[in-house]
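> From TrEMBL, for reference:
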- 449-463: compositional bias 'Low complexity' (COMPBIAS)
- 429-475: region 'Disordered' (REGION)
- 76-110: repeat 'PPR' (REPEAT)
- 146-180: repeat 'PPR' (REPEAT)
- 216-246: repeat 'PPR' (REPEAT)
Amino acid sequence: MKEVGLQPSVYSSSALVQALGRARQWQRALQIFEDSLEQVDADCALYSSAMKACDMDYDRVLTLMDDMVASGIKPDLQSYGIAIGSCCSSQQWQEALDLLLRAEEEDLEPNAKTVSLVMKTMTGQEQWERSLQLWHRFGEAELKVDAMAFTTAIQACAHAKLWRHALGLLEDMHREDLNPGAIPTSVAISACNGVSEWEVAVELFRSARESREAMDSIIYNAAMQSCGEGGLWKEAIRLFQHLEADLTMAPTAQSYGALMTAMHKSGKWQKGFVAFTAMKEAMARSLKVDVLGFSAAVNVAEAAKKWPLAVHLLMQEMPEHKIAPDTLSFNSAISAAERSRKWRVAIALLQEMKDLDVARDVESYAGAILACVAGKQWSRGLNLLDLMASDDLGADAQSYGVLLSECEQRSTGSELAESALLTALAERGAGVSSSSRQPRYAAPSSDEAASGTKAPPSTAPTAPRRREAEDFKPMPCTSAMNVRRVKGRAVPGHTPGRLAPLVDAPLPTMPAPGPLRAPKIFVRAGQPYAKELRLLQHVMQKAPQGDPAAICEAIENFGDEILVRGKARLWLKIAGGIKTDVLTAAIKGGPLTSGDLQCSVLEIGAYCGYSSTRMALALPGVHIASMEVDPVHMIIARNVVLHGGLAGTIDVWTGHSKDLLPRILKRYGGELKFGAVFMDQKGSRYQEDMLKMESENLLHPGAVVVADNVLKPGAPLFLYQIMNGGRYNAQIVSLDEFAMPSEDWMSINVKKLNAPQNDTEPPEDLHQLSKETDRMRERAVGPGRSVTYEEWAEFAQDVKTRLARTNVTLTVDLRPESSRDRDDLFSAKSK
């Protein structure tokens, strides 16, 4: 400035810095700013101009903010807004939130735009809970919010599965005379889809269509996805036809993708291909299609088990249309290969992802691992764990589960692999962060050797895991603790194999009969399986070793006093309370003999070992085989069994019932039959598992089969077949759920000696209801998800109503009068 005869001032310097910033010449702007500091008395406006000039570099912006404060200049609302915007642009939600709260502490009232920007950044970074907390914080301060802030809050509710809150916010927008528009309406519909409230979603769409104030193709797209969730494929087609006929809008690529998704979710993959053909015809008429449209088509091919078509779409058609495949489309193709047991195709696709520089995620590897196991290439699946480590990924529970199940069902050659898997899984379940490589595993399995194939050696180096002594970790108990059998009889108390310690240091030796005191270590809130790990820790601290009754009491205390009545307000899914009485009374009526494998008890769904321990107490010496699909739950159940001194009575196996039931007979040397069965897994599996046990001749005549939770979440197909099939004497018992003020049913069934086959096809509505019960169960047990008591009661009432239409009703009511009055009152309110 001096060179052209102008005397620098704070105003002229600020204006020049602003101009250079707008021209994106931030280096020159900062140079002028630094020169000005030596010539003028800087103020907040000058610093803000410099911050705005370099707002693409949030770290530099924060440094300028700190320098301003250090110079004794108090930042104003504009300065905070610039810094917050810079942090949000760089997805630095924590820094943005800190700045927002600092501004509030300095009595600077942020505007709605700034608050919604921080909320949007947090929601995008999976910090939806904090986003909603921020919404409530500034809502209580009566901050005037705009449509953008409402939309951001609705998006956070959708991420949090809070569909009722999303609808409430949408209603608030109407009350505030803020036209919701297409985006918040479609997000609210998606929030309903995410929790299987598809009927509400469809009704919301109809309301928006009638008002015409917010209609857009994206609302049609969300509504078609709702129809897919509800199996309303005909309605989805009608919606698409309405969209085509509407002169004010036209189907987009996302519309075709939503229609294809609705078709494949409804099991109508043929019509999904018709929709794909229509999309290609529209492309010829200038429709622009992105990767999502083709990904939906690959999903349809996966559902149809048409892996060649999935690969063709991925590797030929997408490149022909200059569309780069993404992770989602590759994962669908890998899954299609897995469903057809084409392990070579799955591995080739995994390699292709690397060659094309497409990010491989946990789902990519999980699909390939499942394909290897399904194709009897077990050791190749183990080797894929090494590759996962090279991508800084850890295997999911399903991958661990199928590999552990294979280890357990092999008599020899898999012990080292099983031990390594369990050690890694115990740390994973405890939330121990690690980028370590998995160790190399055992030699090829016998089936691979017989086929002449050899898995490539693992080349990933091993690295020591970082262990944290303060983290609670269950013992990685191998299947060696499942008792050794001699000539069809159990050898009580024999537990071969050495068990790995709970932590690095060995557990202290306690004099009998004193309790085994777990080290004072903690379970971090929010980590995976935190509830189950806290349960195990509670059991080890409160129940003496070798006292199964005390263990059961500790588990019930944890579920009732700590979870339900405490701050957590969570439900522990165990058959406690009166359910225990019904279960033990029923199984005692089965043909069972102490120590004889020919008269064993089968449990499908071990969870944390509570029910198997209860049954062992009720049937001393009777062998119990328990299955658990979740490997972390399996480890916890084995720890509970071991702590109770029941390793000679209860065997806990890893795997899915559909895979284990055909193999378990061989695992016990062909000498196994069940006189009693307790089913406590996913309700939609009950019918298939019952048929599999019958076809494998695993049930004694007169065997007692008890099924839990047949009302909540429900098992409609099983109840229909068991009450109408004629092969069982069946009872449906109504009782109170453990530690929850709601009704549930247990089904008690006795196998007839020579009953005729009389299977009748359940009505279509029960098939749809079965899908809804699965989704409700996922809401209840999925990570970060929950279902309120009121929602459970409402859902149970709907299940009862729809079952009653098929003449499936309860036969015994064990609820006390107060519970009946409570449920009757709620039923009346629902109607």
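Every residue gets a Cβ built from N, Cα and C, even glycine.
Help me understand the surroundings of these features in the structure.
Beyond the repeat 'PPR' (76-110), the same-chain residues lying 6 or more positions past its ends with a Cβ under 8 Å from any Cβ of the stretch are 44, 47-48, 51-52, 55-58, 61-62, 65, 68, 117-118, 120-122, 124-125, 127, 130, 134, 138, 141, 143.
Within its own chain, the repeat 'PPR' (146-180) is flanked in space by residues 112-113, 115-116, 119-120, 122-123, 126, 128-129, 131-132, 135, 187-188, 190-192, 194-195, 197, 200, 204, 213-214, 779, 785-786, which lie at least six positions past its ends and keep a Cβ under 8 Å from the stretch.
Under DSSP, the residues of the repeat 'PPR' (216-246) split into helix, strand and coil as follows: 26 helix, 0 strand, 5 coil.
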> Sort the residues of the repeat 'PPR' (76-110) into helix, strand and coil with DSSP and give the three counts.
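Tallied per class, the repeat 'PPR' (76-110) gives 26 helix, 0 strand, 9 coil.
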> Helix, strand, coil: count each for the residues of the repeat 'PPR' (146-180), based on DSSP.
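The repeat 'PPR' (146-180) comes out at 26 helix, 0 strand, 9 coil.
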> Could you pull the average pLDDT for the repeat 'PPR' (76-110)?
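Averaged over the repeat 'PPR' (76-110), the predicted model reaches a pLDDT of 90.
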